[in-house]
Amino acid sequence: MTDYKTFDLGDFELQSGGTLEKAFIAYKTYGDAANPAIIYPSWFSGLISDNEWLIGEDKALNPKRYYIIVPAMFGNGQSTSPSNTPREPSRPFPTITLRDNVTAQHRLVTKGLGVTHARCVLGWSMGAGQTYQWLTQFPDFMDLGVPFCGSARTSIHNQVFLEGVKSALLAAKGAASAGSCTGETTASESYRVWTNDERIAGLKALGRVYAGWGFSQAFYRERVYETALGYSSLENFMTDFWETWALSKGRRRIPISPPYPENMLTMLQTWQLGDCSKQEPYNGDFESAMKAIKAKTLVLPGKTDLYFPPEDSEYEVKCMSDGVGECIPFPSIWGHWAGGPGLNKVDLDWLDEKLKVLLGDERPAVQLPLRGAGSAPDGGR
């Protein structure tokens, strides 16, 4: 049983020139459609329900005040994905970009839901990348934008990180990466589907590689995985958090089914291709794309994020027109996970406070020091 809906897109033309046949986008709404709309896209591996930690009547994203729309990315297992799209065994899944995702989301929001303007677009991680895509692709559509722990384009260092994750996954299948922003290369010319053992081994390997990037050095140095999340040892954290995360996010069907690595690979390629300047009218001119943003934009990088560092966010804001952007880093040692998905209550409260102020609740902002082992958890995995 699902608690989300889907919107048919028909044969959806992709930025690459290909077609996603009989495509559909999954989504869920919260609140009354008469209220101002907030668009809150999903993130890498995330399901629609994985965004709910930031929604509630006691939070800035209050469904009593706003009409909150959570669209799912292509490849997440809910929207059109390798796992729910029949195709020939020798045919890899089409290349999907952030522009493709946002084009589909815009069609859903305007034609499916009848929304012509949004109060805010926001998102964490790849949701931040989609936020930047909205801000540059449809710059007049929203009043506010809040990309947190993400970027307007995927940096070279981020590409390196993702190639490691991707290669660890593919190695379980006896395949190798064909390079950044591409698929796999094998000794055979034909594409081969995964065995179940390969799926499990590959996703576990992906989780272990990811473990060194998701949280900061200080997070591990201070053993926050023990003191705040309750894991008994590093190995317990690796198996019960990271391997479990990778296996659960690679499911073929939601909620229970064998894992499906192709979903993760599809989203990973989308991530690698991320660059909101790779579209008309910018044609690769990144500074022009940033300058085109009209909505007031609050950029919230993680101070200790290893693959979306604050320096990149500061440059993005510097490229915006005067008065448009502001950059405030999360004062946290939780690395990328400072921005989600709600594991650390201190970071969640900090983010929620920033959103309340931006959306119109003028309470004084909470000033917090860097938090480590003393941070209160919202719960583990």
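For all residues, glycine too, the Cβ spot is worked out from N, Cα and C.
Curation plays no part in TrEMBL annotations; they are all automatic predictions.
Sequence annotations record features per position, and here TrEMBL assigns active site, nucleophile to Ser125. Classification of Ser125 (active site, nucleophile) by DSSP places it in coil, neither helical nor stranded.
Classification of Asp305 (active site) by DSSP places it in coil, neither helical nor stranded. All chains included, 29 other C-beta atoms sit within 10 angstroms of the C-beta of Asp305 (active site). Residues annotated as active site in TrEMBL: Asp305 (among others).
Annotation note: His336 (active site) sits in a helical segment as assigned by DSSP. Annotation source TrEMBL lists active site at His336 (among others).
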Inter-residue C-alpha distance, Ser125 (active site, nucleophile) and His336 (active site) (nearest angstrom): 8
Surrounding CB atoms that lie within 10 Å of the CB of His336 (active site), all protein chains: 23
Cβ neighbours of Ser125 (active site, nucleophile) where a neighbour is any other Cβ within 10 Å: 27
